Amino acid sequence: MQSHVIDGESCCPYEPVYCESKCGMRIPRKLASEHLRAECVNRLTACPFCGYDFVFDTLKKHIPACPRFVADHVHKQQQQQQQQQQLQHVEAVPVTHITSKTTRDLHLNNNNHTNGKLPLLNPMLPCVFKDIGCKFKGSAPALDQHLESSSRSHLALTCQIVSRQQAQISALRSALHNVTLNTTGTMLWKVTDFYAKLGDARAKEGYEVCSPPFMTSAHGYKLQASLFLNGNGSGEGSHLSVYIKILPGEFDSLLRWPFSLTVSFTLIDQPLNPDKACHIIESFVPDPTWKNFQRPSKEPDALGFGFPRFVSHEMLKKCHYLRDGTLFIRVKVDESKIIAV
C-alpha cells in the first residue's frame, strides 16, 4: 500500500478534514479548496450589484435590500412599463381613411415606436432612504449616482434614526420599570447563590449586593436595601450586614424631609414546618439629624443606615435561614410610625 505520510504528518488526499471556514462540513482533503471556492455556505461572495463581499449564506437576504439592486430593479421596471405603453399606443392608432402616404408615414412612425427611438419618459424616483429622511428624487441614472455619492449623508440619517430609537427604548424601559416597581412599602428580597457571592465578598473588599428599588407608596419615598455578605464595619468578616438607602425619586419635592418612617428587616427562617419558623427581626427609627435621611442628591451615599451585625455567619448555619443557597429578607417601611421632626 502506498504511504501518504510525510515527516510524520498525514497528507492523504482522501483524509476527511473539517472545512477551514467552520461550516461544519467534512470533505476529502483534495476537495477542500474546491469546497471553499464553490460550496461552503460561509464563503465570501461579492454582491453582483454593489460589489461588497458577503458570507454566501447571508447574500440572499442582502440583495433585496441592496440600494444598487433596488435602483436597478426600479429602472428596469420603468423601462418595461414605458415600452408596454408605447406598444399599446401603436396598437391604438386609427387606420380608417388613411392614404397610402399616411400609411407609409405611419409605418415609419411605428418602426420608430418599436425601435425605441421616441423620447422615453423619465419618471422621478425617490431615494430608497426616503423613509429615514432623504428628500432626493430623480431619474434612475441620477438615483444611482446619488446612492454612490451620498453614502455619508445616508449614514448620518441612519445614525439620527438610531439615536431617536435608543431614546425611545430608554423611555419605554423607564416606563416599564415604573409599572413593575413595588409600591407597597414591603419588599421580599430573594438572595440566591449565597455561598458563591460570599466567596466573592471575601475576595473583594467592599463587595455589596443591592436589592431592586421599591417605593413606600405609589407617590412615596424610593428605597433600596443592600447586603454585605462578609460584613461591613464592626461586622466585617463575621456577620451579614444589612442597610437601607434612600434613592432620588420622582416625587421627592412633594414629600416630607428628613425621612422619618420606621424600617424593619426580617431574615426569614425556612424550616420544613412553617409553624416552627424562628425569624430574626431588627428595626430602627430614623435619626432626623443624620444627613442620610435628608432629601437625596442625584448621587446617593454609597452606604445607607442599618445593622452591620445583623446576623452572624454562625447563626446562618443554624435553623434554616439558608436553604439551597438561598435566603429571604423582608424589608418593611411602616408609615403609621412617624417620628416628630
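Using N, Cα and C of the backbone, Cβ positions are placed for all residues, glycine too.
Annotated features, as they stand in TrEMBL:
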type: ZN_FING; residues: 3-60; note: zinc finger
type: DOMAIN; residues: 3-60; note: domain 'TRAF-type'
type: DOMAIN; residues: 184-333; note: domain 'MATH'
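Here the domain 'TRAF-type' (3-60) is broken down by DSSP into helix, strand and coil counts: 15 helix, 16 strand, 27 coil. Counting residues of the domain 'MATH' (184-333) by DSSP class, helix then strand then coil, yields 27 helix, 55 strand, 68 coil.
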